[in-house]
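Feature annotations, courtesy of Swiss-Prot:
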- Asp251: active site (ACT_SITE)
- His17, His19, Lys103, Asp251: Zn(2+) 1 binding site (BINDING)
- His19, Leu20, Arg21, Asn45, His140, Leu223, His255, Ala267: substrate binding site (BINDING)
- Lys103, His140, His178: Zn(2+) 2 binding site (BINDING)
- Lys103: N6-carboxylysine (MOD_RES)
Amino acid sequence: MTAQPQALKIRRPDDWHIHLRDDDMLKTVLPYTSQVFGRAIVMPNLALPITTVAAACAYRDRILAAVPQGHDFTPLMTCYLTNSLDAAELVNGFEQGVFTAAKLYPANATTNSSHGVSDVKAIYPLFEQMQKIGMPLLIHGEVTDAAVDIFDREARFIEQVMEPIRQQFPELKIVFEHITTKEAAQYVQEGNRFLGATITPQHLMFNRNHMLVGGIRPHLFCLPILKRNIHQDALRKAVASGSDRFFLGTDSAPHAKHRKESSCGCAGVFNAPNAIPAYASVFEQLGALDHLEAFCSLNGPRFYGLPVNTDFIELQRVATTQPEEIAMGSETVIPFLAGESLSWSVKA
């Protein structure tokens, strides 16, 4: 029997999907990301969405001002696509190096997505421009038709929206974000080099039974919602395969405790404090620790055409109990796996 490794050294990872929020929440949550990750794709769905170069620059400045001294972190900004977005603004932002990618939210699919796109085909001209300049499209892949069951919305999105986009724009770089189903995993695996996907730690570790059996666990509620175990298993097999189509995207999405624990709680899991140890635990369970570095640190930069980070982090086999809550002024935020123990930790 092979001895278990006591330490792992991997190239510094990047987070290809994160919500940093703004104001006090930004200042509270950012250090958990900036101390471990070199870069992060920052979601643009603030209360006032990021739809202009000026707004992206201002938000980037607020993020950089909140980075603790000694952390070397680069936020990668995204543009929120709307029905009326000016193509010139999108192109200029990308060519100036302000926008790294553009984000497609189907209207009302998730938090702060009411400004999202109601008719995807109406913004095909934007996709044409993006394909021409090599700008990646990041997609929250769920239909929002009220007649479609919430557990079926991702699979339905593939046939109704994703495949038509890819047929029309075969060389448009697309990230199918936070995939949650066996259909999505298979679709990405069978795709080409223009299609990639991010996978969160919660969708690898849990399924809907964990959220709903024996009482509702609101801090596991996120969108896309946790699915049944056959889908969880498909995601685990996808990352264990070593395929370079899949890469790290935490979708860390913090909300104040009272907004999660309410009669109509918000969707989002705040996993930034322990994402890397959580991923490491999953990869170890799958006997796939040799693929952890590629998933965390190599596949994403390769897809985006960016250099990999030059420095490294070290994980240690030190069991660590996760905090029950994190203070944010007079409020608190509940982290992923609160009060539970993980067998890996990132060396400070």
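Positions of Cβ are set from backbone N, Cα and C atoms, glycine also.
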Could you say whether, by DSSP, His178 (Zn(2+) 2 binding site) belongs to a helix, a strand or a coil region?
coil
Between Leu20, Leu223, Ala267, which of the binding-site residues has the fewest other CB atoms within 10 angstroms in the structure shown?
Ala267
Hey, what's the Cβ neighbour count for His17 (Zn(2+) 1 binding site) at 10 Å?
26
Whole-number Å value for how far the residue listed as 'active site' lies from Arg21 (substrate binding site) (Cα to Cα):
12
Just to be sure I understand the packing, how many Cβ atoms besides its own are within 10 Å of the Cβ of Arg21 (substrate binding site)?
24
Assigned conformation of Lys103 (Zn(2+) 1 binding site) - DSSP reduced to three states:
strand
Quick one: Cα separation, His178 (Zn(2+) 2 binding site) versus the residue listed as 'active site', in Å?
7
Roughly how many angstrom lie between the C-alpha atoms of His140 (substrate binding site) and His17 (Zn(2+) 1 binding site)?
11
If I take the alpha carbons of Ala267 (substrate binding site) and His19 (Zn(2+) 1 binding site), what is the distance between them in whole Å?
12
When you average the Cβ positions of His17, His19, Lys103, Asp251 for the Zn(2+) 1 site, which other residues in that chain have a Cβ within 8 Å of that mean position?
Ile18, Ile41, Met43, Asn45, Leu138, Glu177, His178, Gly249, Ala253
Is Asp251 (active site) helix, strand or coil when read with DSSP?
coil
Going by Cα-Cα distance, pick out whichever of the binding-site residues His17, His19, Lys103 is nearest to His255 (substrate binding site).
His19
In sequence order, which residues at least six apart in the same chain have a CB under 8 Å from the CB of the residue listed as 'active site'?
His17, Ile18, His19, Glu177, His178, Thr198, Thr200, Cys222, Gly268, Val269, Asn271
I want to verify one value. Collapsing DSSP to three states, which class is Ala267 (substrate binding site)?
coil
